[in-house]
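So the structure is just underneath, and the comments pick up after that.
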There are 2 protein chains.
Amino acid sequence: MANITKKVSWSSRGDESGGGERTPLLNGSEELSGDGGMFHIGRLSTVDLEEDMTSDEVTFSFLSILDYDNSENQLFLEEERRMSFLGFKCLEISRWVICGLIGFLTGLIACCIDIAVENLAGVKYYVVKQNIEKFTEVGGLSISLILWAVLNSAFVMVGAVIVAFFEPGAAGSGIPQIKCYLNGVKIPRVVRLKTLVVKVCGVICSVAGGLAVGKEGPMIHSGAVVAAGVSQGRSTSLKKDFKIFEYFRRDTEKRDFVSAGAAAGVSAAFGAPVGGVLFSLEEGASFWNQMLTWRIFFASMISTFTLNFFLSIYNNKPGDLSSPGLINFGRFESDSVAYNLYEIPLFIVMGAAGGLLGALFNILNYWLTIFRIRYVHRPCLQVMEAMLVAPLGPDQSEDYPLQLFCADGEYNSMATAFFNTPERSVRSLFHNPPGSYNPLTLSLFTLTYFFLACWTYGLTVSAGVFIPSLLIGAAWGRLFGILLAAITPNGSVWAVPGKYALMGAAAQLGGIVRMTLSLTVIMVEATGNVTYGLPIMLVLLTAKIVGDYFVEGLYDIHIKLQSVPFLHLEAPATSHWLTAREVMGAPVTCFNRIEKVGTIVDVLSNTSTNHNGFPVVMPVAASDNLGKICGLILRSQLIVLLKHKVFVELARSRLTQRKLQLKDFRDAYPRFPPIQSIHVSQDERECMMDLTEFMNPTPYTVPQETSLPRVFKLFRALGLRHLVVVDSENRVVGLVTRKDLARYHLGKHGLEEMQLAQT
Amino acid sequence: MANITKKVSWSSRGDESGGGERTPLLNGSEELSGDGGMFHIGRLSTVDLEEDMTSDEVTFSFLSILDYDNSENQLFLEEERRMSFLGFKCLEISRWVICGLIGFLTGLIACCIDIAVENLAGVKYYVVKQNIEKFTEVGGLSISLILWAVLNSAFVMVGAVIVAFFEPGAAGSGIPQIKCYLNGVKIPRVVRLKTLVVKVCGVICSVAGGLAVGKEGPMIHSGAVVAAGVSQGRSTSLKKDFKIFEYFRRDTEKRDFVSAGAAAGVSAAFGAPVGGVLFSLEEGASFWNQMLTWRIFFASMISTFTLNFFLSIYNNKPGDLSSPGLINFGRFESDSVAYNLYEIPLFIVMGAAGGLLGALFNILNYWLTIFRIRYVHRPCLQVMEAMLVAPLGPDQSEDYPLQLFCADGEYNSMATAFFNTPERSVRSLFHNPPGSYNPLTLSLFTLTYFFLACWTYGLTVSAGVFIPSLLIGAAWGRLFGILLAAITPNGSVWAVPGKYALMGAAAQLGGIVRMTLSLTVIMVEATGNVTYGLPIMLVLLTAKIVGDYFVEGLYDIHIKLQSVPFLHLEAPATSHWLTAREVMGAPVTCFNRIEKVGTIVDVLSNTSTNHNGFPVVMPVAASDNLGKICGLILRSQLIVLLKHKVFVELARSRLTQRKLQLKDFRDAYPRFPPIQSIHVSQDERECMMDLTEFMNPTPYTVPQETSLPRVFKLFRALGLRHLVVVDSENRVVGLVTRKDLARYHLGKHGLEEMQLAQT
């Protein structure tokens, strides 16, 4: 019936020619492991790499799936019912307080990064300047250049070493990881305190070291880590439990706060609180929750405000809150640069160019990433690669090589573009008056920077790709504007190359990351001009459409390389052919309402299946091997039950035994111990466990005939992790998990079934 | 078990002392009628009123519930499966084209309204000015005043007559109706062409007539009507079917476009495309759909752009797109007015004041509305009331009565505030230099305008409440700023009353309508300054919290007065006590898979139940009166089947009979004929109907024990209309409808069960 192309995925294709790290999908029934299981993923630069990469199949990563559906078991309902109206009010107030804290801390971190980068860069410039003054007379400019390169390399080395050796999870921009988290897949150690520290130090080093990087990706990641930490009221790394916010120790609540953190990060980076909210929504939230959105907005607002406030104090202008954001593109005054209706086609052409160049960037970076996965996986090699790129950074080439192309009058501003931090260069390209740049130099700059940025993304340093992309785009956009002014007779309208720089920047960034809505708003907020909203949106849409024709967005490529079962917004359009029966995993391991401990331990210990959710059934008849659904229980719940030895026999003997409470589950969250660490004696194996109180008695179910889009919608709208498929008798016939849905993919030739990596 | 206060609703309370138009809720099982049924609602000024209000129970309105869950029956699946990948692409492109069209037309309408109002007001001013010049010498200023009042009354009369006699659905701002539509309840004739025409003409008349009204509410309503019309590719009013966009003729798609239309309306009104998107999301969308949001954003962008483009041509500055929106508050330059950390508490105090004043406004307006429902329900009375208010409009009092309070120097700007359109007055209050206003005059103005605006909202004219609220708030905000500057010694910081006017405006508007997120963004976009984002948000939040303590928002009051089963964002916090078993309606009328035509006709004709969805069951055993669920069929589908006489016997006899297609259902959408209009002969009553192909074979079901919040979440996230409750054997035991959920409400004393009006 279904015309599905069975096809290996992009990532698997890479592996076919490579080391074959993946096993093909055997059947759809198995599910990603949560905590005790293993998950083979392609070796990737942004995820830690183990030293011994000798075996063909190295298991080094535990992806876990988040569960946004509350397990409404008896314990939970009892707690909720005990809680008074006032209790709910207090919870709501705590949520706001936490969001305020998240915003405040994120803003503070942004402030620290800004000040640290500024000071380090200042020291660097000072040393080099001293050196130039000392040696220029004796003709030793090359010595200054070498000193410059050495300083840069030193900074980058520090940044690369801490990332490569201490916390590989802090590499890269962090946006793919946060995207995954918000989508419902947790990449290991992505929201740990150590990651945050390394990320912050790493980004300071890489920016101060003059790499072609930005601070915005790391800021977003930092915001998310802050949120995950603050909202739980404890730090497992520091082994400190503040005994507050215990109610929020579950996936649903934590994810909400992480969205707020990510938004606060965007907001601090660009001074774009609304853009931050939309970023979080675009990337993460699958259903709209108004209260949550307000809180996210609040966190974003507080974050920008905090950053501004402390920066204003630092700059000795306390209370001047007019320059929001770490990255400021300068305000486009609406009267100075307006656009006209007939310029819109030009902007669309620029959007298409951005899409093409973005696709090229992504393809090159994909090849490079594959190369890195295969050959540059040792930390020391990674550090060396980073140090190799460092002295190539454009800010050291301000004097010598490019002077060749510069007319004397243009020299200074061109030098500024090369010497400056990328943000300042973007600003200059947007706002410098016509005639500031020599077209030839600008072309060379674009070309150099394009390859440099492409090489840099994926290095083992903390680094964002927004600013380099904007810079590339601004450069060729300005070039476009200059050429346009040169070939058109009446120069008055076309004489403002700044707006073309802006459109080019939008096009290039859109072509690389393929965001539209949030990016439009971020650009509008960062430039402070709403007039350009429509053209920016058109440019971004064109860039996305053109770029998507060739290859996916940069973040999606990296997510795919990690074989993450990422759920897109909607089921593939042509997937009505498929029904739950075809996508579900079967047979399903079920438990009885009162189950033998030995059976449970055996099932949980079975590493070849690694299920995470188990339907609880009532046997219908002895002959019938399918039981009627009466609940759903999670691996993590069973583990807590086993740990506390909640056995029927023991409860009878020890009447005084404390009843297990929701608190016990919360205390174990999120790092539930593996089954191996729980000792169950032979006697205990014969005991029985009563799951009634702990299972979710009302799991969502669908009939077998439900179409895939319908299953998908249910899954995505409710943030499910398990969906039980039942027959007309309510008997469990299968279980749909995230991976069963993430397999289907709309390729160029219709529906394709990907082979996601699998235990 | 549940500690629920059984309580009559606000609206019913009104009725208790009044005419008793409502019957109490008898049991929860019945459902709102869709098309064939009747629904008693309180007589309301914004909905049409029948002439004969003599009987105690007048049935005059048909509320219908929208169904956002596709009925995935065999016909639907076959069509989807037939469609190629290219087909889906084309559909997607059509959606974008429609959104572009919606934006364009909405922008055009906004432009027409603006130009018409400007010209009419110009004519009015000219006539009066001539008159003043002629009569001032002979001491006849009172003649001018009378002329002025007559002109105003004439405009208002025209506006009121067309609304009261031709299309009462066009009364008011339209925002409550659109909120209901986006929430899933369709108020009759809310998206008809006639409503649009009357709305547009009505708002032109009321604004030109000098009422204390704004154009933004009607703009939002207009956008929604445009969207509903364009997306369906036909107009039932004009009896014209363009045979395009047929795929979109269902609730799901239509609602999406209506969201886009509402956003385009906001965008055109305030020049706030992002605010428009957030408005739509805040009010309507229950789950986040990225593609939809992009399209909404696109429509918003096009709408602002179109408006600007045509206005720039009208103003002889073609291509100058720098003044977005109908309503422009003037740009706050960030350097001229900054705020400081210690001003934030002051802003919060203002927010609280706004909340209080807003609550007062709402309570007064509620009483007034109750009064109107009871006594002013004849169209002629309504027109007379509108004409009574018209000459009280503040723009006629510019000279005479208030001169008493004006010092000579202040006279002019004060007169400007009274004489001007409300928008211009807001702008003056925001931007005029310190010292422009006399505090006493300003107080009097605030007081007058407050009561006037309160009286005006709910008149039988098209009118928005945003601008009057902003004006009231700006006036007392400015007053607050002036007083602050007077009592503080160092006048430098406090000397800028404009920012207090802004905060006051935000506070007052927030206190009345209780929006936060979208309103913050709208205010930021309309003032062009992102720096004020945080204080505006804090002010709006405070206003909401304070206001909610006393009374609901203005729109919610009006929605409640219409007894609309409005679903809020989340289930009441303390509703975990309740389960599906307690909220569901039972027993449920079910059909068999192959059912006798007579039975179906009888059930559909039964006006005492008026169900809209019917579970289709398989009988389990003869003794068992509960059948196993195997599908769900809608009243509208059954009606189409009856109309086309899809009977098993006929299909056998007439082999050539055309098979019923999805097209037949789409052609009948949305005005399915009532059952009374379908003639079924006595012979045909004995025939059988096979529902298998037409029913939705996979309706969502929940077990009886599911808690109310869980049911609510499912309902809201998926936009359901019917949710079947089953027992462990999959037998139908009940049906949850929107009304069963909307009944529960969190009052001051915990959970309350409202008595929604009922047949």
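Including glycine, each Cβ sits where the backbone N, Cα and C put it.
Per TrEMBL, region 'Disordered' is recorded for A:1-33. The annotation transmembrane segment is assigned in TrEMBL to A:96-117, A:145-166, A:196-214, A:257-280, A:292-314, A:344-368, A:437-459, A:465-488. As annotated by TrEMBL, domain 'CBS' applies to A:695-753.
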Annotated stretches the transmembrane segment (A:96-117) and the transmembrane segment (A:437-459) touching (3 or more Cβ pairs under 8 Å): no
Recorded stretches the transmembrane segment (A:196-214) and the transmembrane segment (A:344-368) touching, at least 3 CB pairs under 8 Å: no
Whether the transmembrane segment (A:292-314) meets the transmembrane segment (A:257-280): three or more C-beta pairs under 8 angstroms: yes
Stretch contact, the transmembrane segment (A:344-368) with the transmembrane segment (A:145-166), Cβ-Cβ under 8 Å, 3+ pairs: no
Cβ-Cβ under 8 Å with the transmembrane segment (A:257-280): same-chain residues at least 6 beyond its ends: 98-99, 102-103, 106-107, 109-110, 178, 181-182, 191, 215-216, 219-228, 230-231, 248, 292-293, 295-297, 299-304, 306-308, 323-328, 466, 515, 517-519, 521-522, 524-526
Residues of the domain 'CBS' (A:695-753) by DSSP state, where helix covers H, G and I: 16 helix, 25 strand, 18 coil
Arithmetic mean of per-residue pLDDT over the domain 'CBS' (A:695-753): 86
